[in-house]
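Asker: Below is the structure I would like to discuss, written out as structure tokens.
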Amino acid sequence: MITVYFIGTGGGAPNKRGLPAIMVRREGFDALFDCGEGTQWRMMEHNLSFMKIKLIGITHMHGDHVLGLPGMIETMGMYSRKESLLLMGPKELKEFLEDIFKKTYFYPNFEIQIIDKYEDENIKISTFETCHTIESQGYLFEEKDRLKIDIDKLRKEGIKDWRIIRMLKEGKRVEINGKVLLPEDYLIVKKGIRIAYTGDTGPCEKVINAVKDVDLLIHDSTFIDEKEAYKYGHSNSYDAAYVALKANVKRLALFHISPRYDDTYEMLIKAKRIFEKTFVAEPLSYYIIRQKE
């Protein structure tokens, strides 16, 4: 199971929706994507601990996506964080943080590692290029596929010995009464959950190709008017829905809503005409995705 917390879902200037910040949680692994101004305060409102964050990914260096990061790291230090923090982001991120820490006389008392991608036995996190006015990258959070034993099939064949089941799960051949059991005949692939977050982007083929078949696409939907969206390297809800449709995603969350819109009804209706399984990412809400069979 993966839970996506929409901490801040607005864009541009500070507003009631909050500035961009999304946390993805899987079995104790918390990853934060973007860290707009006020993120740590909104996390406290959400009863989420920023001390437990293991990885932070920044999409680009516009202030509404990154200005909350130095303060959060400084607070982690004040609270005596010991665990290393993994950072992903544009090439300017390292210099940006070093400069602020130097000028504010802050010296991190925990390790900060800047990495290009992340992978462990359960998940992998990678980036893809988006179409914004400056260098910008989206993020893919992917749960790895798992192998599951088809217990029902084994029971139908009268096999209940847990030692045999374990050997098959380990990929070993088993012989019983002259019959050879092959692991591939009893293993089911349990598909991992895949989530994509675009950050700021206009609609483009490179994003469509990067997010194909994901379970949840969190896509820029800043404006209603397309001319204004394209002028500033953003998308409208129609664009986001078109990307979702072309990429064959399962669900679409409209994100990075301009503070000029108090009511998102028109935005949502326009998107749902193209891609029905669309919702507006509301601030301080969460979305749960369970692993597929």
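From the backbone N, Cα and C atoms, a Cβ is placed for every residue, glycine too.
Taken from Swiss-Prot, the feature active site, proton acceptor covers ASP64. Here Swiss-Prot flags HIS60, HIS62, HIS132, ASP200 as Zn(2+) 1 binding site, drawing on sequence analysis. According to Swiss-Prot, the feature Zn(2+) 2 binding site maps to ASP64, HIS65, ASP200, HIS256.
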Asker: Let me know the most crowded of the recorded positions, choosing from ASP64, ASP200 and counting other Cβ atoms within 10 Å.
Answerer: ASP200
Asker: Around HIS65 (Zn(2+) 2 binding site), how many other C-beta atoms are within 10 angstroms of its C-beta?
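Answerer: A count of 26.
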Asker: Would you list, in sequence order, the residues of this chain other than HIS60, HIS62, HIS132, ASP200 that have their CB within 8 A of the centroid of the site's CB atoms, where the site is the one recorded for Zn(2+) 1?
Answerer: THR59, MET61, HIS65, THR130, THR133, ILE134, SER136, GLY199, THR201, GLY233
Asker: Comparing the binding-site residues HIS60, HIS62, HIS256, which residue's C-beta has the most other C-beta atoms within 10 angstroms in this structure?
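Answerer: Answer returned by the neighbour count: HIS256.
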Asker: Which binding-site residues (HIS60, HIS62, HIS132) fall within 10 Å of HIS256 (Zn(2+) 2 binding site) by Cα distance?
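Answerer: So the list is empty; none.
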Asker: Measure from the Cβ of HIS132 (Zn(2+) 1 binding site) and count the other Cβ atoms within 10 Å, all protein chains considered.
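Answerer: Result for HIS132 (Zn(2+) 1 binding site): 22 neighbouring Cβ atoms inside 10 Å.
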Asker: Would you identify the secondary structure of HIS132 (Zn(2+) 1 binding site) according to DSSP, in three states?
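Answerer: HIS132 (Zn(2+) 1 binding site) sits in coil per DSSP, no helix or strand.
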Asker: Show, in sequence order, which residues other than ASP64, HIS65, ASP200, HIS256 on the same chain lie with their Cβ within 8 Å of the centre of the Cβ atoms of the Zn(2+) 2 site.
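Answerer: After dropping the recorded site residues, what remains is GLY11, GLY12, LEU19, PRO20, ASP34, GLY36, THR59, HIS60, HIS62, GLY199, ASP220.
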Asker: Could you tell me the C-alpha distance between HIS132 (Zn(2+) 1 binding site) and HIS65 (Zn(2+) 2 binding site) in angstrom, no decimals?
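Answerer: Answer for this pair: 13 Å between alpha carbons.
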